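As recorded in TrEMBL:
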- 20-93: domain 'PAS' (DOMAIN)
- 92-148: domain 'PAC' (DOMAIN)
- 180-313: domain 'GGDEF' (DOMAIN)
- 322-575: domain 'EAL' (DOMAIN)
- 591-706: domain 'Response regulatory' (DOMAIN)
- Asp640: 4-aspartylphosphate (MOD_RES)
Amino acid sequence: MPGDDALRSGPAVQEVDSERLRLLERSLASTRNGVLICDVRQDDIPIIYANPAFERITGYTLDEVLGRNCRFLQGPDTGSSSVRQLAEAIEQRVETSLVLKNYRKDGTAFWNDLYISPVPDEQGEVTHFIGIVNDISEQRRYEHTLAYNASHDVLTNLPNRSLLEDRIRQGMQIAHRYQRTLAVLYIDLDGFKAINDTLGHLSGDQVLIEVGRRIEQVLRPGDTVARLAADEFVVLLPDLAHHDDIVPISEKLLTSIAQPYWIESTSYHLTASIGIAVNQDEDEDPMKLVRQADLAMYQAKQAGRNIYHWYTDDLNREVSHSLRLRSDLQNALDSGDFELHYQPQLSLTTGRVTGLEALIRWRHPELGMVSPGDFIPLAESTGQIAALSDWVLQTACDARRQLLKLDHNLPISLNLSPVLFKDNQLVKHMVRTITENGLRCDQFELEILESVMFGHHDRALTLLNEMRDAGFRLSLDDFGTGFSSLNYLKSLPIHKVKIDRSFVQDLISDQNDAAIVRAIISMAHLLKLSVTAEGVETESQSAFLKREGCDEIQGFLHSRALPLPDLITYLDRTRWQAENDASVTPDNSRCLLILDDDEFILKSLSRALRGEGYQVLLANKADDAFRMLAQVDVQVILSDQRMPEMSGTEFFKRVKSLYPETVRIILSGYTDLQSVTDAINQGAIYKFLTKPWDDDELRQIISDAFDLNASRP
């Protein structure tokens with residue numbers, strides 16, 4: 001209508017523009033992230049603006065940086081690939097994000113999570129670049145400590161169970177080689193619970209730290225003290241000439257621990273009960289010594305506490321049970337009590353079964369099904385693991401031939417005990433068995449544990465190379481549960497890594513598990529290795545793993561381990577379903593998730609976006625939203641701020657870590673502006689809408705969010 005242009009340029013509009021400019025300048029000055037603007041029209045692309053956060057992060061004042069190119073923040077060890085990526089983005093006039101090692105004015109380094117975005121003029125020509133600087137040095141320092149934390153107790157800085165087991169194993173080998181004695185002492189504090197309950201956990205933690213320090217002072221160089229649980233410590237004495245050498249050390253430990261503990265000028269007293277176990281042979285499970293010492297420690301408590309007690313074979317029914325299984329093990333092979341079950345492995349790309357893992361089961365005539373965790377260690381310690389493995393291989397060959405006759409051409413995975421790696425003829429024996437059955441080695445996959453590399457790296461690597469050369473495919477089982485072998489991963493002749501079920505269980509809601517899984521998949525693929533995830537039990541886990549690029553899964557979601565007849569039925573059924581399933585999952589490239597605990601709001605938002613062509617998912621609880629995010633590729637998320645279980649900002653902070661590529665928008669009342677602003681500053685939120693919203697503004701912001709997601713590399 002006439003007069004519209006005049007209205008738009010009137011004083012009211014100018015006043016609004018001035019207010020917006022003032023707010024924008026204030027927000028730039030207040031944000032915790034560094035912001036700088038560079039002019040690409042000038043030579044060397046100088047800085048023309050930097051906010052106070054940039055000055056704080058870099059140590060340079062505004063006057064010191066104006067007119068300079070940003071490269072003055074770089075150093076000799078700044079990654080060349082990141083610098084090249086930055087230069088290419090500027091040259092091509094596109095946005096990018098990268099991490100650079102930069103240097104402050106005082107010479108200290110910091111890790112810069114940098115995002116740059118081009119700013120075009122009215123003709124579409126890029127005139128400036130905006131850079132957002134986020135100092136992630138603390139995050140990097142945390143990552144560097146992960147390696148240490150993987151093998152040490154966080155509170156006391158003492159070795160944890162994993163490192164203790166490794167050192168016991170090494171100590172047993174040395175003791176066997178040089179005819180020395182190795183002892184494990186299990187220490188449990190008497191009366192600690194009373195101190196912890198009375199004075200609180202902080203004081204209790206200080207006592208535990210002091211106990212660890214006192215134990216270390218008593219021990220010799222080369223001894224180890226580890227913290228296993230709350231008030232339980234384990235001491236390893238690896239190089240003893242006689243059993244009698246254990247006694248004075250045990251007595252000194254009791255005396256030292258019994259000295260007063262001063263807390264806020266008051267003395268408190270503790271004692272300790274100590275159980276002692278001594279190794280008998282080289283092939284014992286290292287943690288078996290710990291369990292034996294644990295049994296002896298309970299005997300010491302029952303005998304009055306503040307004493308030590310030696311392990312004997314008749315301490316507990318558990319020991320008797322183990323002895324019975326040990327004696328029954330050989331008869332089980334002769335009597336046919338063992339069974340081999342097979343768990344399917346499925347491709348996340350095609351949904352088809354791609355392989356089978358053979359898993360041994362013991363159906364004891366009196367005890368019923370005996371867990372492999374009970375009898376495998378016994379077989380390893382008694383030397384019967386070789387005969388058991390021979391039976392598994394022959395049975396798997398029989399199954400392989402039968403499956404081929406039914407046109408099920410699937411490789412079978414076999415688990416190899418680390419004990420077998422002591423046999424230099426292992427590979428030749430396996431090849432002979434397979435060829436005698438008219439089969440090929442490339443029809444089998446051998447699964448090895450990370451622990452196989454501990455202590456015998458060169459010999460194990462030689463055998464692994466022989467296996468690969470013979471045609472076997474090799475996979476590293478339970479990947480991520482160990483640490484030491486990560487150093488050897490790139491040199492191992494393996495084809496696949498298997499993610500341990502412990503990381504899969506909570507990966508759709510636990511950002512740490514999700515990060516570990518992503519890292520394993522990424523690292524494996526960089527090394528040209530395929531990835532199989534174990535223990536997949538839900539569709540959400542499967543969808544998450546598929547989106548992150550995992551190749552295969554196995555677990556109860558699709559099938560438990562099955563006897564051969566049941567397996568054949570399963571394979572026939574799944575093959576028929578695959579051949580007759582014509583359904584295709586649509587590729588929803590513009591998927592919006594809306595989270596709000598108010599059903600009316602959900603319906604109103606959905607109605608406002610009707611006809612926009614989006615796939616809209618609705619959730620009224622954060623848990624439901626996490627499940628949807630795991631199952632569907634969502635690009636944009638709109639969440640209410642005030643919800644009973646979890647605020648929108650808290651929800652988005654977790655989403656940012658789990659699904660950083662999503663564009664996140666929050667719906668908030670004015671009273672929530674501070675928490676929303678904090679979340680924006682931390683990069684968890686793209687934009688926010690206030691209630692009540694304008695439908696046209698809502699549609700435009702959602703559209704812009706999808707465009708932003710599509711433009712990201």
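The backbone N, Cα and C atoms fix where each Cβ goes, glycine too.
TrEMBL labels come from automatic prediction, so no person has curated them.
Highlighted: of the candidate stretches 20-93, 180-313, 591-706, 591-706 has the greatest count of Cβ pairs under 8 Å to the domain 'EAL' (322-575).
Here the domain 'PAC' (92-148) returns a mean pLDDT of 92 for the predicted model. For the domain 'GGDEF' (180-313), residue counts in helix, strand and coil come to 58 helix, 42 strand, 34 coil, using DSSP. The DSSP secondary structure for Asp640 (4-aspartylphosphate) is strand.
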